[in-house]
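Only one structure is covered here, and it is reproduced in the block below.
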Ligand code: CP3
């Protein structure tokens, strides 16, 4: 039994006294105690060492008391496990020296045994659960197959992922084969995470908004739906797509317990597009955390009124930015905890 079950209640659509709150990318980045560990250990060492990953996961909970923790890791551990080399370059971001550009490249990509390749994630979950001591639920996550394809084909971050989209449109057969391999790996991975103890899972489709609504159905949504189908009876699933307001209807009808919304979609529109019945999560503009704390509190209170306190999880509309002052992040969390109807 989890002591603070606000988040799990909201995922079930149950009535709550106030909505739960957590922040995407809350583990790491802007926290001084994280920056200390970051000086000493490189990125994948932090991910692969359960002591470090679990410590980083609980740091924001200790400081702010969010209603859920998210496991410190990265979406790119999946391509790594599939035998695609991934480096995290300081001041640059992800770098994949051998991107997938042809059927020949693709033939080398494996669907791995999860315990052999990603057992360290399960160990990090076990250790995190011990540290959390059932105070708050733990969220596990994965990137969407499309978002992972973006990195695998582009080889690095990009503003528009032209090479990734070009790959899908010039070599659709290969693209679908890669997406299916990622999907199969992701399903096994998320099932293992649930078995290891996570209480919910979130799928991040960070680059879904790069696709047209039709192409989104073909290259992204079909695969996310497979993941939701495979996971929904084992744990609540949250689907989040950045820039994907056009897919909110499918997301709401998918069997997912909650649907993430970014800040370019109003609460009213999000409720309308999702049919009013599914739990929504979002959608504070991450850059708005640069406003003065008093302004943040005022805007968060208004955001809760706009979404309604039930069937709602307070969050940002995308990950927290690295330059957010700790007192501003605190104002965001406190505003929710102080919320009264
Ligand atoms: O709350 C959390 O932060 C949990 C851990 C987490 C990380 N990455 C750690 C990380 C999560 C949930 C992610 C997801 C992730 N990773 C996404 C989807 C969410 C989103 O923001 O869109 C994406 C697209 C990635 C890929 C990735 N990893 C990029 C583009 C970068 C570099 C830029 C940056 O800082 O985000 C990373 C590196 C990364 N992943 C860092 C952290 C804390 C920073 C690098 C470092 O600490 O050395």
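All residue numbers here begin at 1 and follow the chain in the order shown.
Backbone N, Cα and C atoms are what each Cβ position is placed from, and that goes for glycine too.
Keep in mind that TrEMBL annotations are predicted by a computer and have not been checked by a curator.
In this view, residue 25 (substrate binding site) is surrounded by 18 other Cβ atoms within 10 Å of its Cβ, with every protein chain counted. Residues or ranges marked as substrate binding site in TrEMBL: 25, 26, 27, 28, 29, 44, 74, 151, 206, 318.
The feature domain 'Uroporphyrinogen decarboxylase (URO-D)' is assigned by TrEMBL to 20-29 (among others). Per-residue pLDDT, averaged across the domain 'Uroporphyrinogen decarboxylase (URO-D)' (20-29), gives 94.
Distant neighbours of the domain 'Uroporphyrinogen decarboxylase (URO-D)' (139-155): 22, 68-71, 73, 75-76, 78-79, 84, 86, 94-97, 99-101, 125, 161, 163-164, 167-168, 175, 178-180, 182-183, 186, 189-190, 193-194, 198-208, 210-211, 219-220, 223-224, 227, 238, 241; these residues of the same chain sit at least 6 beyond its ends, with a Cβ under 8 Å from one of its Cβ atoms. Feature annotation from TrEMBL assigns domain 'Uroporphyrinogen decarboxylase (URO-D)' to 139-155 (among others).
Feature annotation from TrEMBL assigns site 'Transition state stabilizer' to 74. The number of other Cβ atoms within 10 Å of the Cβ belonging to residue 74 (substrate binding site), over all protein chains shown, comes to 17.
Taking a C-beta cut-off of under 8 angstroms and a sequence separation of 6 or more, residue 27 (substrate binding site) has the following same-chain neighbours: 34, 56, 57, 59, 60, 69, 70, 71, 72. Under 8 Å from some Cβ of the domain 'Uroporphyrinogen decarboxylase (URO-D)' (20-29) lie the Cβ atoms of residues 6-7, 9-10, 38, 56-57, 59-60, 66-72, 139, 204, 240, 313-316, 318-322, 329, 332-333, 336-337, all in the same chain and six or more residues away from its ends. The Cβ neighbour count for residue 29 (substrate binding site), using a 10 Å radius over every protein chain in view, is 16. The Cβ of residue 206 (substrate binding site) lies under 8 Å from the Cβ of 75, 143, 144, 147, 242, 318, each of these being in the same chain and 6 or more residues away along the sequence.
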